[in-house]
Amino acid sequence: MKFSSLLFTASLVAAMPASIEPRQAQESINKLIKAKGKLYYGTITDPNLLQSQQNNAVIKADFGQVTPENSMKWDATEPQQGKFNFGGGDQVVNFAAQNGLKVRGHALVWHSQLPQWVHNIKDKTQMKNAIENHIKNVAGHFKGKVYAWDVLNEIFDWDGSLRKDSPFTQVLGEEFVGIAFRAARAADPNAKLYINDYSIDDPNAAKLKAGMVAHVKKWVSQGIPIDGIGSQTHLDPGAANGVQAALQQMASTGVKEVAITELDIRSAPAADYATVTKACLNVPKCVGITVWGVSDKDSWRKEKDSLLFNAQYQAKPAYTAVVNALR
């Protein structure tokens, strides 16, 4: 009997697929947020993260949107002027297409992770041409495959003015905003076009937020095709209470939608994650939430335990709090 039982067990094991992944959470937060009328609850990935079947399993089970963490930024896509590399971005887009996930493209124009050749441009016409050509090629390559683009990323200083250490501001002044958005609209007419920025929800950044609101209202009134504003929402514990008011102020600028785009909260307090989730639910123009990573071990704030899943890909109390907030 013992021998035959062993044979039976062995035959069952042999018949099982080689790569069964456990369900890391009891409910999909993407499914729950869509039931509330929102478009997605998302996360990030990139070619290095796609190597992890555990990471992929969590994304497929629990999320509905992905943002490429680095593979669509300027240094990755056009490291040398006029020479483009879409390999990393293609991997993310293909993974998304295979699994029914929306993609937020990130980021077409950003002063950081920028090749030196762009920093070296001092002539207005050359800078305008560089922006237009970059966006034409990158957004054009992914045309029809990306739900939304962060066209401009982190363009404001703490005083609400345009960032002074940006080569785009230094060479073109405010003109680069219209140049970038019009190029993006031409390259992919159906993608939602965003300004994405930091600390909008920080009570200590009132000038930054006021400056952004005033600038975006002006740009929208000028016909610049800005569809949305993204709030990165990198928070410390206890700082979630300002998120809803920030989203409401962003929504008041005349844009069609707003989103939480890079959410993480140091130490991942469950109550704070619930507060942020409810903030999006309470603002009609908020279309979704993206957390900036799956597992704590892969977070840019990895020592802070800021995400919804721990280093073993197990759902944390913060995940349960999000589920409860969405019920």
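Cβ atoms are placed via backbone N, Cα and C, with glycine included.
Here is what Swiss-Prot says about this protein:
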- Glu154: active site, proton donor (ACT_SITE)
- Glu262: active site, nucleophile (ACT_SITE)
- Cys280-Cys286: disulfide bond (DISULFID)
- 43-325: domain 'GH10' (DOMAIN)
- 1-15: signal peptide (SIGNAL)
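Of all Cβ atoms in the protein chains displayed, 24 besides its own lie within 10 Å of the Cβ of the residue listed as 'active site, nucleophile'. There are 24 other Cβ atoms within 10 Å of the Cβ belonging to Cys286 (disulfide bond). Among the recorded positions Glu154, Cys280, Cys286, none has a Cα sitting within 10 Å of the Cα of Glu262 (active site, nucleophile). When other Cβ atoms within 10 Å of the Cβ of Glu154 (active site, proton donor) are tallied across all protein chains shown, the result is 19.
Note: the CA-CA distance between Cys280 (disulfide bond) and the residue listed as 'active site, proton donor' rounds to 21 Å.
Secondary structure at Cys286 (disulfide bond), taken from DSSP and collapsed to helix, strand or coil, is strand. Taken as a whole, the domain 'GH10' (43-325) shows an average pLDDT of 97 in this prediction. Note: the CA-CA distance between Cys286 (disulfide bond) and Glu154 (active site, proton donor) rounds to 19 Å. Taken residue by residue with DSSP, Cys280 (disulfide bond) is part of a helix. Every protein chain considered, the tally of other Cβ atoms within 10 Å of the Cβ of Cys280 (disulfide bond) stands at 27.
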